[in-house]
């Protein structure tokens, strides 16, 4: 009797596992091995933990939403979305944090640390730092009024980082349109993606150091609207010296709201960074047309932004047994070797 009962229980378990396997296989993602439900069984509270962490951080400092979104961008453009941007320097490699495009620009590491600590307490070594960055980016957009989307999950973390790769892969805020398009093309992104993803600059701030070259000299940047140029010169100048650390809003109108006002700024000559303004003033017919379209059609901007974020989040993934799930996002696990 007891043997029959044991066999019945084993059979029930077998069928449950078979059904789970079949269910998962029917929901396989077209994006490699990523799935939006990757952590459903191993860490069902993962997305709630990440959202709560981002929400607390943005409540303390509104600018943090843009900072977390930028971390995901700067991670994915350098050898893929593998959380290499979070690694501190070691004796074997120089990390990406001090690369020219990142230095005094990317921030929010302590927010990711706090989220990771909470995830490790809830479900140890299940959720990668790369997945945290992807979810935090989405949540930052949602919290500031932008669109939501299902984040595909299952990334693993890199075992190394490269300052040299960051400096060669990331577009600088002084890049021309040809360079900007080329950098995006290198990671499989189109001009349409470029314009949509640039809309992330509808929130956040930038240091005067990133755009001061547009303000000074005998002939300041002619694409800047005159009154806007004057206001930036006053903001950033201390006599004849630029105060590099002063912050300016990327979006003049609604700096803490994720919306389409960023594109209207470009048409009026009020794009803060050179790489923003050139999409309209010195861009291609494609980039200018998309700017014009998004000015009139915020829902389409939101829709295309979501698609481009998912596409960017799929760049050069580490999945399966590649890489690792870091216990601390700033360093590789002790048993790993770069």
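Heads up, the Cβ atoms here are built off N, Cα and C, so glycines get one too.
In TrEMBL, annotation is done automatically, which means it is predicted and not curated.
Feature annotations, courtesy of TrEMBL:
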{"type": "BINDING", "residues": "75, 78, 80, 82, 84, 96", "note": "Ca(2+) 1 binding site"}
{"type": "BINDING", "residues": "171", "note": "substrate binding site"}
{"type": "BINDING", "residues": "201", "note": "heme b binding site"}
{"type": "BINDING", "residues": "202, 251, 254, 259", "note": "Ca(2+) 2 binding site"}
{"type": "DOMAIN", "residues": "33-333", "note": "domain 'Plant heme peroxidase family profile'"}
{"type": "SIGNAL", "residues": "1-28", "note": "signal peptide"}
{"type": "SITE", "residues": "70", "note": "site 'Transition state stabilizer'"}
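Ranked by CA distance from residue 254 (Ca(2+) 2 binding site), the recorded positions 70, 82, 84 have 70 at the top as the closest. Residue 251 (Ca(2+) 2 binding site) sits 7 Å from residue 201 (heme b binding site), taking the C-alpha atoms as the reference points. Distance noted between the C-alpha atoms of residue 96 (Ca(2+) 1 binding site) and the residue listed as 'heme b binding site' is 22 Å. Around residue 80 (Ca(2+) 1 binding site), taking its Cβ as the centre, 19 other Cβ atoms fall within 10 Å, counting all chains. Taking Cβ-Cβ distances under 8 Å and a sequence separation of 6 or more, the neighbours of residue 171 (substrate binding site) in its chain are 77, 101, 179, 180, 183, 184, 275. Of the chain residues outside the Ca(2+) 2 site list 202, 251, 254, 259, 203, 253, 255, 257, 258, 260, 261, 262 have their Cβ within 8 Å of the site's Cβ mean position. Fewest Cβ neighbours within 10 Å among the binding-site residues 251, 259: that distinction goes to 259. Non-local contacts of residue 70 (site 'Transition state stabilizer') by the CB criterion (under 8 A, 6+ apart in sequence, same chain) comprise 105, 106, 108, 200, 204. If you measure from the Cα atom of residue 82 (Ca(2+) 1 binding site) to that of residue 259 (Ca(2+) 2 binding site), you get 28 Å. Neighbours of the Ca(2+) 1 site: apart from 75, 78, 80, 82, 84, 96, residues of the same chain with C-beta atoms within 8 angstroms of the site's C-beta centroid are 74, 76, 77, 79, 81, 83, 85, 158, 161, 165, 166. Among the binding-site residues 84, 202, 254, the residue whose Cβ has the fewest other Cβ atoms within 10 Å is 254. If you measure from the Cα atom of residue 259 (Ca(2+) 2 binding site) to that of residue 75 (Ca(2+) 1 binding site), you get 24 Å.
With respect to residue 202 (Ca(2+) 2 binding site), the closest of these binding-site residues in Cα terms is 75, chosen from 75, 78, 80, 84. Other Cβ atoms within 10 Å of the Cβ of residue 75 (Ca(2+) 1 binding site), summed over all protein chains shown, number 30.
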